[in-house]
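What follows is a single structure, written as structure tokens, with notes after it.
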Amino acid sequence: MCGIFGIYSYERLNVAKKIYYGLFALQHRGQEGAGIATSDGKNIHYYKNIGLVTDVFKNETLQNLFGYIGIGHVRYSTTGGKAVENCQPFVVKSSFGNIAIAHNGDLVNSDELRRELEMKGHIFTSSTDSEVIAQLLVRELLKTSDKIEAIKNTLKKLVGAYSLLIMFNDSLIAVRDPWGFKPLCIGRDESNIYISSEDCALTTLDAEFVKDIEPGEIIEIKDGEIISHKLDYGVSEYNPVNVDVPCIYRGAATCMFEYVYFARPDSTIDGISVYKVRKRIGKILAKEHPVDADVVSPIPDSGVTFALGFSEESGIPYYEGLIKNRYVGRTFILPSQNERELAVRLKLSPVKSVLEGKRVVLVDDSIVRGTTSRRIVNMVRKAGAKEVHLRIGCPKIISPCYYGIDMATKKELIASNKTEEEIGKAIGVDSIGYLSLEGLVKAIGRKDLCLACVTGKYPTEVNFEKILGRE
């Protein structure tokens, strides 16, 4: 999962500083690296490096990124390591001059596409599938003078998740894959048109939300105009669960984890408030897994809104039993287990006056490996909690994700081979309760969702050898 942000200034103003602010608003989507590319109409200028947005970009760097068109990226690695070569945007040479590409998502057929390109003589500078997309586009641009046709022909080869920003010298193009895995939206103000992974970044820049880019839609921005194109092929219907809620986009499979964990609570995805979804999840969770307790406490920050809903529905008072160190990043998206475990100790501190002698309900968004949860429960018990109950605002994660979320291998997923009782014992809680699949879908309010990680049913074909390799 990454964050992408683009601007086209129809008043020909430099956009690098605004992209910086947009990426800062999307920092929760990736903390390993950041990059910005801009175009002044003739040349593309770019800079990228490892680190947070505030670490990568200083005023001098931004001042050297001239241009009225620009794209930016914050990186969270799922394919490729931490090296600066894997940071984005990627800038490649084409028959139209240099082009820059920023990508959010993962392809399931990237290995095959990479091998085909290497056999044709392409040399890759990174290990990411984003560069594969860039090189495919370069080849298609040799065959036609129509940029949109070349992009469509490139997209026909891709299977998986891709929200893309593609910048030519004179235009900005945004793409959302036919499944709509990752969010992407458009905003504008009196001087600029914006493209963003989440609308919270539009709010930061005081821009007006225009629309969500639809699955299978290509948005072309040129000469200050927004032109919509649609892919001329569809995808198979994907309905892994029968729940009486509407579809927003027929055939879509938007990642449910955006609503549960990744997106900022103040964002709205495809017309649905993330905050309201999480509040509803907490209320449904309290109905599905009631418990006698004295305190409801979130595991911050992602558990906060769930815990508020749980408290409201159950009548159990809400307290902050764990305090977060705001200078430590999100533990789930750190790339190694050692880093995650150290981050937990640095990140959270128990409030003894809240927890001591109390029956405590801890509420969190999900359990992936279980190691973080076990450490937190141990921390709460050491603070004097009499009982510790865990409630999870997501069904059990039983299968890996191949679309851009680092959910490890199947054997590392604690729920893939354990019952709820066994998980509770392994983590050290008095009871554990997961949100049901039906409860999740009802809380989100749409059924055109990717639920592969909690059902094992994937919306696209996935190479079986790749699955075995990851297991």
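We count from 1, first residue shown onward.
Backbone N, Cα and C define each Cβ position, glycine as well.
With Asp364, Asp365 listed by Swiss-Prot as binding Mg(2+), the candidate from Ser302, Ser311, Ser314, Ser416 annotated for that site turns out to be Ser302. Swiss-Prot lists Cys401, Cys450, Cys453 as [4Fe-4S] cluster-binding residues, and of the candidates Cys247, Cys255 the one it assigns to that same site is Cys255. The subset of recorded positions (Cys2, Ser302, Asp364, Asp365) lying with their Cα within 10 Å of the Cα of Cys453 ([4Fe-4S] cluster binding site) is empty, i.e. none. Taking the mean position of the Cβ atoms of Cys255, Cys401, Cys450, Cys453 as the [4Fe-4S] cluster site, the remaining residues of that chain whose Cβ falls within 8 Å of it are Phe181, Met256, Phe257, Tyr403, Ile405, Met407, Leu451, Ala452.
In sequence order, Asp106, Phe257, Met407, Ala452, Cys453 are the residues near Cys401 ([4Fe-4S] cluster binding site), counting only same-chain partners six or more apart with C-beta under 8 A.
Distance between Cα atoms for Cys2 (active site, nucleophile) and Cys450 ([4Fe-4S] cluster binding site): 17 Å, as a whole number. Excluding Ser302, Asp364, Asp365, which define the Mg(2+) site, the same chain contributes Val260, Tyr261, Pro298, Ile299, Gly303, Phe306, Val363, Ser366, Ile392, Gly393, Cys394 within 8 Å (Cβ to the Cβ centroid), listed in sequence order.
Cβ neighbour count for Cys450 ([4Fe-4S] cluster binding site): 28 (other Cβ atoms within 10 Å of its Cβ, all protein chains included).
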